Amino acid sequence: MASLKDLEGKWRLVESHGFEDYMKELGVGLALRKMGAMAKPDCIITLDGNNLTVKTESTVKTTVFSCTLGEKFDETTADGRKTETVCTFTDGALVQHQKWEGKESTITRKLKDGKMVVECVMNNAICTRVYEKVQ
């Protein structure tokens, strides 16, 4: 089973399925969904003890959040939502659970065959994005 340390590094998106449907379920407008679907972001994960930083960079937008594992924090997402978020490391996966306005979404990052597989879920919308390590 992977450790959190195994997820640390710079990852580049190489495959994406269902992202536009997931964004639509989140309530993202059409124009931003189209731009988001075209973006090929890098995800940079850094650790300092129990402190986690996740930076997502693309030509469209760069977002960063930092948190302490297991503690709630206020996150502003790439699409502008203000969420109450908690990140945990459970069963070899980094789980990011967001809550806002009575809604919930979960983003799970885990290693599979040397790649980082990210699953984004809200209601029945499920998105899978695959990243390869570049650093």
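Glycine is no exception: its Cβ is also placed from the backbone N, Cα and C atoms.
Here Swiss-Prot flags A2 as N-acetylalanine. Listed in sequence order, G92, A93, K110, L111 are the same-chain residues six or more apart from A2 (N-acetylalanine) with CB atoms under 8 A from its CB.
Under the three-state DSSP scheme, S3 (phosphoserine) falls in the coil class. Annotation comment: Swiss-Prot describes S3 as phosphoserine, evidence class a large-scale study or a structure entry.
Here the motif 'Nuclear localization signal' (24-34) has, by DSSP, the following mix of helix, strand and coil residues: 8 helix, 0 strand, 3 coil. Sequence annotations record features per position, and here Swiss-Prot assigns motif 'Nuclear localization signal' to 24-34 based on similarity to another entry.
Around the Cβ of Y131 (N-eicosanoyl ethanolamine binding site), a 10 Å sphere holds 23 further Cβ atoms from the protein chains shown. DSSP assigns Y131 (N-eicosanoyl ethanolamine binding site) to a strand in the three-state reduction. The feature N-eicosanoyl ethanolamine binding site is assigned by Swiss-Prot to C43, R109, Y131, with similarity to another entry given as support.
When other Cβ atoms within 10 Å of the Cβ of C120 (disulfide bond) are tallied across all protein chains shown, the result is 22. Residues or ranges marked as disulfide bond in Swiss-Prot: C120-C127.
Cβ contacts within 10 Å of R129 ((9Z,12Z)-octadecadienoate binding site), excluding its own Cβ and spanning all protein chains shown: 22. The (9Z,12Z)-octadecadienoate binding site annotation in Swiss-Prot covers R129, V130, Y131.
Per Swiss-Prot, hexadecanoate binding site is recorded for Y131, and the stated evidence type is similarity to another entry.
Swiss-Prot lists Y131 with the feature phosphotyrosine, giving similarity to another entry as the kind of evidence.
Taking CA atoms as the reference points, V130 ((9Z,12Z)-octadecadienoate binding site) and R109 (N-eicosanoyl ethanolamine binding site) are 10 Å apart. Listed in sequence order, the residues L7, W11, L13, I45, M116, V118, R129 complete the 8 Å Cβ shell around the N-eicosanoyl ethanolamine site centroid, once C43, R109, Y131 themselves are left out.
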